[in-house]
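Shown next, in structure tokens, is the structure this report addresses.
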């Protein structure tokens, strides 16, 4: 079996959860497909398949055969370098082999190619790179039919259909008021009561406006299933057909005919269209987080090509291109500064409002803002490989994934419509044969009400819209959930295990204390200690040097250096003999240091690493270095405790140092002296105690523990491997994000339960009420139209969480 692949596709044409279930079932039956996940709210399909047995084209064809449409983008290119038809053939074959490309016909005569591709799998830069390798050049003409444009076009179409339907339905609604005693005083033009006039108004609504429902119903029935389209088409057709029968019966009579239901079918369709339009707009708002992230992306870049500056679309930037960035511009790609100095606003990544200084050799992140200087940047990551693209991809995957809680809704949705059809038929028979014997009008009215009040959409949207809104809002806080499953599991956590270095602490030692002794001043102590450390590459030595430089002190030139493993340094600088190290070093070199031991032990009790310093054989004092806790750690730990969580710090440090750091951070429980390879075992031990555990870390040695924990959280300032292993990435490196993630998970799960309760409760109560005859069909239709809207609007409340 070859290595499996995963493909994501945008699918249009789904109207309810039954549609999503049908596509999912159809895809899972395909040879070579091992799993398929179809999400109604995001209108996406994620398929895992064996490329040896099937491919993108076959999967797309299957979705089309089921009666739905895979949304693709088209990009038209001019081709440079073709000399014959064989060139065109080579380019066409190469483009069609790219994952996500549906079709790429090359026109040799016009020297153009129009590529139809899945934007979730391929990009313009992928297409260009593939053709570049063949020795040709693609030049973008312009893209059409993007997903956003297609959705706007569909929204405009829905609005136009709604207006057309409302204009024709209004006279029918006006005529309907004459049916009720309490509205009989309202004047109604006689023409509106004429059955043939009502027929003329209702027919375009039924067959022009209602046509998509007929098409959807036909496709569903052809595939031996049923969906909301079947219910709407059947219910409105029953009302229309019965009214048409009575209209023909009225031939030869004068005036209006009682018992017509033209207004029922027309108003039903109008209300359903109104509900669908609201739903579309609300669902669009649920992906606001993605839109905000995409707006951060630069649209163009200034590059040097053939010795000249050129402004090109961002998709055309290649790795190793030199990009010019002026003050105030967004940096278009991830790269390295090769020339220039500036301050860069990285708040979109780190959440920090203060700009960060950038010099030659420093890395920069695409979509951050160059504040005040001119920069030349060498492109390192472009297109879908940039940090922002990765963030967008993670959010999209999370919004398109299913949470385990959705399984119940999926199971119900799969059998919902057939059950409703059965109840509707039974309702008709009971009313026609028993409740109102022989009264066809009464029975058909109850039959229609049952059909149109049932709403599988509300059930299908209950979970995914909340997942979309919750994960999207979390992303705005710098919290990236890798999927709906992790968003759900996070709310069950009761224990948070924090790695010390880089998580609770800054991960970078700094000079904290300098205590001179005897005739020496602090300046002497620091200058000569730093001079000795210039020959060392130890992080503690680097911390001393950085601290001395920050104080503006000059460091004498080192003339001799010798490292004593496990003890310290022997050095000469500025004509002085210097020792920097442990008690053991001072004892071996016979330097009297007893008067410093009490202070040394005090500092060590605070979790600091203390080094004794001697100059020319005389104790000069001591310097202390510590990996200090982050400014936000204490507050973050307090927030976690307020949420009812048990907080544990895990570290490889000795217990004394660990206790000092834990005390400063407000952490009561510690696991100290743990080797990197033992961290996962400690997590497993906590799980055996019945704890739902999260591990939070930032380093390579945290990866096994992150994978073992129920939820692994990676601090975004850490290593790529930790972030790859984790279920949640906290891109701001702030421990407060842990509490935010847990709170967001709890609020999202609460929102999902509210939605499921509403959707299940609505259908459980609405269908019997309609069957008992307490609802007119048009009222039932209005309830159905707005039930799914209410679910989406409730989910959107998550976007306002602060």
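Cβ atoms are placed via backbone N, Cα and C, with glycine included.
According to Swiss-Prot, the features are:
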ACT_SITE  499  active site, 4-aspartylphosphate intermediate
BINDING   16, 19  Cu(+) 1 binding site
BINDING   84, 87  Cu(+) 2 binding site
BINDING   698, 702  Mg(2+) binding site
DOMAIN    5-71  domain 'HMA 1'
DOMAIN    73-139  domain 'HMA 2'
TRANSMEM  162-181  transmembrane segment
TRANSMEM  196-218  transmembrane segment
TRANSMEM  230-249  transmembrane segment
TRANSMEM  259-278  transmembrane segment
TRANSMEM  412-434  transmembrane segment
TRANSMEM  447-469  transmembrane segment
TRANSMEM  756-775  transmembrane segment
TRANSMEM  779-796  transmembrane segment
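A helical conformation is recorded for residue 19 (Cu(+) 1 binding site) in the three-state DSSP classification. In three-state terms derived from DSSP, residue 702 (Mg(2+) binding site) belongs to a helical segment. Note on the transmembrane segment (259-278): residues 155, 158-159, 161-162, 165-166, 168-169, 172-173, 175-176, 195, 198-199, 201-202, 205-206, 209-210, 213, 232, 235-237, 239-240, 242-243, 246-247, 441, 444-445, 448, 452, 776-778, 781-782, 784-786, 788-789 of its chain, located 6 or more positions outside it, place their CB under 8 angstroms from a CB of the stretch.
Neighbour counts were taken as the number of other C-beta atoms within 10 angstroms of each residue's C-beta; across the recorded positions 499, 698, the minimum falls on 698. Residues 195-196, 198-199, 202, 206, 210, 213-214, 216-217, 220-221, 257, 259-262, 264-265, 268-269, 272, 417, 420-421, 424, 440-441, 444, 447-448, 451-452, 454, 777, 781 of the same chain, all 6+ positions outside the transmembrane segment (230-249), place their C-beta atoms under 8 angstroms from a C-beta of that stretch. For the domain 'HMA 2' (73-139), the predicted model reports an average pLDDT of 81. In the three-state DSSP reading, the residue listed as 'active site, 4-aspartylphosphate intermediate' counts as strand.
Between the alpha carbons (Cα) of residue 698 (Mg(2+) binding site) and residue 19 (Cu(+) 1 binding site) lies a span of roughly 42 Å. Put simply, of the recorded positions 16, 19, 499, the one whose Cα is nearest the Cα of residue 702 (Mg(2+) binding site) is 499. If you draw a 10 Å sphere around the CB of residue 16 (Cu(+) 1 binding site), it holds 28 other CB atoms from the protein chains shown.
For the domain 'HMA 1' (5-71), the DSSP-based tally of helix, strand and coil residues reads 22 helix, 24 strand, 21 coil. On a Cα basis, the residue listed as 'active site, 4-aspartylphosphate intermediate' lies 46 Å away from residue 19 (Cu(+) 1 binding site). Residue 702 (Mg(2+) binding site) is surrounded by 31 other CB atoms, counting those within 10 A of its CB over all protein chains shown.
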